[in-house]
Amino acid sequence: MVVPAWVITGFLDSGKTTLINRLIREELSEQEVLVIQFERGDTPLAEGEGVRSLYYSKAEIEESPFLVADSICEEILADPADLILIEWNGMEHFHKFEEMFLQFHMKPAINVEKVVYVGEEKELKLRITDSGLISMSQIAASDMAYLRTEDLKKAEQSAQALFHINPDIRVFTEGKWDRIKKNMFRYEVKSQLLLLLAAAAAIIYLIANSFLGSFVTLFLGVFLQAVPFLVIGVLLSSAIQVYVPADWIRSKFPKNVVLGQLFAIAAGFCLPVCDCASVPVFKGLVKKGVPLSAAVTFMLVSPVINPVVILSTWYAFNGNLKIIAARCGLGILCAVLTGLTYLVSQPQKILLADPSIQGGETYGDYEIPAADETKASRFFLMMRHAQNEFFTVGKYLLTGIFVSTVLQEVWPGMTRSGAGIPILGSVAFMMAMAFILSLCSSSDAVVARTMAGVFPAGALMGFLVFGPMIDLKNGAMLLGGFEKKFIVRLFVTTFLICFGVVGMFALLGSGGIRI
């Protein structure tokens, strides 16, 4: 029998035991409850029929956490309860809890269903900052928070500190017990599950229309191409965030606009990242204070001119150097022009709220207290940041790939429907195709080569230049970290500039390119 478990965490004397006692007294009086405490404050645990408890000190979980976990597992298997309430030590990192209770051999005994963070409104933000990674890890893992105050205005200020770390956390105050109770005992269908249901419905539709085989092939093809580059991108972004001080970047980055653009182009060539990786790196550069115009140029140009893309283009078009020169030249021109527009009018707000407590220098999602700063702690922080960035951006990447694949399956003849239209129309059509198909920039040249007999070289340039810069999956990834107004402006500006530049190139004879 697998026993459900609720974890109650927070600072010492924040009211964890008080909350457990109230749950036992008012809501769980008819249940067999096992309470596992990893710290004890001034409030004693309520005694009663059907309630038994285990206690482990901080020293025990520091010295032999897995022996403690084994002991708990044996206790549960020998004498299971209806519900387990775990009072986690407020001065222990939540990763320690995960290491202990999410082991494979614990699965037949315990299933952690909810994590509740308990805190006092007074000085909550300051205490979170002082405790650093410990509190942040607990808040990041929590489903809901229980604040011991009835002052809604003060509670709202404290809630903002929690939302910066965990945007999905639900915050309740002491005076709203009915709402707390309702959420503690309710199991909602979360948005992720709704998305999975929508995906399942789409797959059923595709099965009914005999499209499943090609759908899976297309989806996995784009996914497997994108994920390795996404990993590279988030690792680079996290390394920039943790190891490169913002002051150093601001002092070393060229102040001259022309030199800044040249630096962005050179960086785009030297870093072998595709469009999936350029978005998280772009975010890291913006957060470190790199001028927006140069950062935009880097993000747009790197998927077009890096060595991997150049090599794939050379291979796809049988060594045609004119195609390579046209793609790189047009890509650089479009990226620079788009970047320069942000010198004329720079948006007031670009990034979404950063999931970190404000005050002091932070590294993306967390900060390291000065006393704990070591090489190991920085590396751990980089990996933690990369993990968060990967899952934050990854869900948007999957959404973009899914939408792109569905569109391709629903409209399988779209690559042929633009044949025979005027040259500017074919350029716009191929740019729209690139946006929908959302191919990885390291492989889009192969697809473009298959359409060379249907569209002129100028139209193919629209596909090869605009596609790596802006497509469905890029847009979905940008939504995970940037304001919608900024994304809309970036899309519209990039499209208009690419259409103008590539359209002019096509009207002037496409540089004499013959395929």
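Here the Cβ of each residue, glycine as well, is placed from N, Cα and C on the backbone.
TrEMBL does not curate its annotations; it predicts them automatically.
As recorded in TrEMBL, the features of this protein are as follows:
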{"type": "DOMAIN", "residues": "4-160", "note": "domain 'CobW/HypB/UreG nucleotide-binding'"}
{"type": "TRANSMEM", "residues": "193-212", "note": "transmembrane segment"}
{"type": "TRANSMEM", "residues": "218-244", "note": "transmembrane segment"}
{"type": "TRANSMEM", "residues": "256-282", "note": "transmembrane segment"}
{"type": "TRANSMEM", "residues": "294-317", "note": "transmembrane segment"}
{"type": "TRANSMEM", "residues": "324-344", "note": "transmembrane segment"}
{"type": "TRANSMEM", "residues": "419-439", "note": "transmembrane segment"}
{"type": "TRANSMEM", "residues": "446-466", "note": "transmembrane segment"}
{"type": "TRANSMEM", "residues": "486-508", "note": "transmembrane segment"}
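Summed and averaged per residue, pLDDT over the domain 'CobW/HypB/UreG nucleotide-binding' (4-160) gives 87. Remote same-chain residues near the transmembrane segment (486-508) are listed as 296, 300, 326, 330, 333-334, 337-338, 341, 347, 349-350, 423-424, 426-428, 431, 456-459, 461-462, 465-466, 469-470, 475, 478-479 (criterion: CB distance under 8 Å, separation of at least six residues from the stretch ends). Nonlocal intrachain contacts for the transmembrane segment (446-466), taken as residues 6+ away from its ends with a CB within less than 8 angstroms of a stretch CB, comprise 304, 312-313, 315-317, 323, 326-327, 330-331, 334, 415-416, 418-419, 423, 426-431, 433-435, 437, 439, 494-495, 498-499, 501-503, 505-507, 510-511, 513-515.
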